[in-house]
Amino acid sequence: MEDHSLAETGTEKMSGTTMNKHESSRLKGGLITMPFIIANEAFEKVASFGLLNNMIIYLITGYNMGYAKGANVLFLWSAVSNFMPILGAFISDSYLGRFLVITLGSVSSLAGMVLLWLTAMLPSAKPNPGEHPSHAQLCLLFGSFVLMSIGAGGIRPCSLAFGADQFNKEDNPNNTRVLQSFFNWYYASVGVSIMIAVTLIVYIQDKFGWKVGFGVPAALMLLSTFSFLLGFPLYVRVMTYQSLLTTCAQVVVAASKNRGLKLPSNVGEGWFHQDKDSKIIVVPSEKLRFLNKACIIRNRDKELDSDGSALDPWRLCTVTQVEDLKSVIRVLPIWSTGIMIAVTISQVAFPVLQAKTMNRHLTSKFQIPAGSFSVFGILTLTIWVAIYDRILVPIIAKYTGRTRGLTNKQRMGTGLVISCMALTASALVENARRTRAIREGLIDNPVAVVDMSAMWLIIQHCLTGLAEAFNAIGQIEFYYSQLPKTMGSIAVALFTLGMAVGNLVGSLIVSVLDEVTKKGGRESWVTNNLNRGRYDNYYWVLAILCALNFVYFLGCCWLYGDEDDELLPVLTKAPNEGYEVEEKDLEK
C-alpha cells in the first residue's frame, strides 16, 4: 500500500516503483466504483433539483416575499450555482484534484441543505405573517443557498470526469466501449434523478410540509456524501495539471507585455513551439494578430529553459496556446446567442405560481403538484433526443450528406425558434387564465382556483424541453467540434456560463419590468396578484426578445462562416532545406 502516494503524485524514481504503481493502479477503478460515483451524483441531483421547483412558494409563504422579488432570488441563486462549476473546475484541474473537490462540494451541499431544513424547523428562523424578514433570518436563508451553490460548483464539473478516470485505461482494448457504457449509465441516472426530484420530492413538500420536504433532500445528500466516501480505497485519483483558464490568461498577459514588439518577418522563424525538434511548425493564423505577439521569441538563451520550456510563461507562450485562445474568442458571438434561451429555460417561478391557481386534478382525489409540471419538459427532451438520434438522423443524413443530420448551427437555430413558440404559448395560456379569472370575479382573489385545466401549461413546458434539446445539446456539440480537443472541458464551461448569464439577464428583465410598469401608481405587470398583473405581457416581451435574438443569431452564423475546421498555415521543414508552406488542420 506504500505506493499509493506515488500513484497520487505521479512521482516515479525507480523501475521497481513503476511496476508497483502500475500493479496498484490496475487494482483500482473499474466497474466496482460506478455505484459510489453514480449514487453521489444521483442523490445530489434529487436533493438540489427537488428544492428548486417549489422554492418560490416557500419564499412567498415563509418569508413574505413578493412574486418579483422571489423570482429574482431564484434567478440569482441559479446564476451563482451555474457560475460556481467554472471555479470548481479550475480549482480541481489546477490544485486539489477531482476527488477532494467533489468531497468538499458534497459536504458544502449537505451543510446548505441542513441550514435550509433548520429554517423550516425553527420558528424564529422565519418572520411572522405580514412582517418583513430580519437580516439574521435572510442571512440564514441565503447562507444555505450559497453553501448549496458552492457544493454544486464542486460536484457538477468533476463528477463525470472523475467517473471517466476510473475507466480510462489505455491498455484495455475495450476502453472505448466501457467509457461509453459509463456515460450512458451516468446520463440515465441524471435524467431519472431529476424526474424523481420534480415529482416525488415536490409531492412530499406539498403533502407533508416543509419540515419533511426539506428534511428528505438533506437526508439524501447525507447518503450522497457517505456513498462517495465509502468508495475511497477503490478510486483512481489523477494528478492535477495546469488549467486551460490559466493558459488563456497567460496569452493575454504575454501579448500585452509584448505589445511593442514587431511580428517576425521570416515566416518560419521567431515563433515559440514547445517541441523545438519537430519537423512540423504551425504558424499563427492572421486572425486576431495582436495575440500573436505572445509567442514571439526574441532570445532563446534568455527565454527558454534547458528542456525547451519558457522560463516565464506569462511573457512567452506557445503558438498552440495562442491559437487555443483564438478558438474560444471566435465562438463567443454565437455563444452569446444562447443567453436568451437560457432565460426561457430558467422560467421556473412564474409557471409554478400559475399552476397553483389552475385545476391540477388528474382524478377526483389526485392532483399534480404545481412544481411538478416541469417534468413534462424533461420527458420531452429525453424522448426527443432518443427519436432524433436513432430515427431521424439516418433519414436526414440521406438528404444532407452529413452523418449527424442537421449541422450544429441548424440545431441551435431550430431551438431558438421553438423557444419563441414556447414563450408565445406561455403568453396565450396566461392571457386565457387571467381572462377566465376576471370573468369569474376572482380579480382580487389571486389564490382562488380558476375553472381552467392546468394541463394547458404542458404545452409551454414541452416546447421549452424541445427547444433545450435542440439548442443546448447543439451548443455543446458545436463548442466540442470547433474548439481544440484539449479544450473539451471549456465546451461544457461555456454552456454553463451562458446559463449563468441568462439567469442574471432574467433577473434584470423582471426588475426592469417591475419598476417601469408600476410608475404613475399603476399595477405592476409582475405584481403579487396574478389576476391584476399582466404576466402575459411579460411573456410577450420575452418572446419578442427571443425573436430579435434569432435575427442576431443569423448574423453571427453568417460572420462565423462554415463549421468545417479552419485550416492553419503549416511549415514542413526538411533537413538542410527551407520551409515549405502547406495547409493542414492541426487545430482540432
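Cβ from N, Cα, C; glycine included.
What you see is a predicted model, and the numbers here were worked out from it, not measured in a lab.
Residues annotated as region 'Disordered' in TrEMBL: 1-22.
Here TrEMBL flags 46-68 (among others) as transmembrane segment.
Summarising the annotation, TrEMBL assigns transmembrane segment to 74-92 (among others).
Annotated transmembrane segment per TrEMBL: 99-120 (among others), in sequence order.
The transmembrane segment feature in TrEMBL is assigned to 140-164 (among others). Long-range contacts of the transmembrane segment (140-164) within the same chain, counting only residues at least 6 positions beyond its ends with a Cβ under 8 Å from a Cβ of the stretch, are 33-34, 37-38, 40-41, 44, 48, 51, 63, 77, 80-81, 83-89, 92, 98-99, 101-113, 115-116, 118-119, 125, 133, 179, 182-183, 186, 235, 489, 492-493, 496.
What TrEMBL records for 185-204 (among others) is transmembrane segment. Same-chain residues lying 6+ beyond the ends of the transmembrane segment (185-204) with a Cβ under 8 Å from its Cβ atoms: 34, 38, 41-43, 45-51, 53-54, 160, 163, 212-213, 216-217, 369, 371-372, 374-375, 378-379, 382.
Per TrEMBL, the feature transmembrane segment maps to 216-236 (among others).
According to TrEMBL, the feature transmembrane segment maps to 331-350 (among others). Within the same chain, residues 52-53, 56, 67, 70-71, 74-75, 78, 374, 409, 412, 415-416, 419, 422-423, 426, 464, 467-468, 471-472, 475, 478-479, 482-483, 494-495, 497-499, 501-503, 505-506, 509, 526, 535, 538, 542, 545-546, 549, 552-553, 556-557, 559-560 sit at least 6 positions outside the transmembrane segment (331-350) and bring their C-beta atoms closer than 8 Å to a C-beta of that stretch.
If one looks beyond the transmembrane segment (370-391) by at least 6 residues along the same chain, the residues whose Cβ comes under 8 Å of a Cβ in the stretch are 53-54, 57, 191, 194-195, 198-199, 202-203, 205-206, 348, 351-353, 355-356, 360, 405, 454, 457-458, 461-462, 464-466, 468-469, 473. Per TrEMBL, transmembrane segment is recorded for 370-391 (among others).
Annotation source TrEMBL lists transmembrane segment at 412-429 (among others).
Beyond the ends of the transmembrane segment (490-513), by six or more residues, the same chain brings 68, 71-72, 75-76, 78-80, 82-83, 85-86, 89, 157, 244, 328, 331, 335-336, 338-343, 345-347, 472, 475-476, 479-480, 483, 524-526, 538, 541-542, 545 to within a C-beta distance below 8 angstroms of the stretch. Here TrEMBL flags 490-513 (among others) as transmembrane segment.
According to TrEMBL, the transmembrane segment annotation covers 538-561 (among others). Below 8 angstroms of C-beta separation, residues 330-331, 333-334, 336-337, 339-341, 343-344, 347, 350, 409, 412-413, 416-417, 419-420, 423-424, 426-427, 430, 509-510, 513, 525-526 of the same chain, each at least six residues beyond the ends of the transmembrane segment (538-561), sit close to that stretch.
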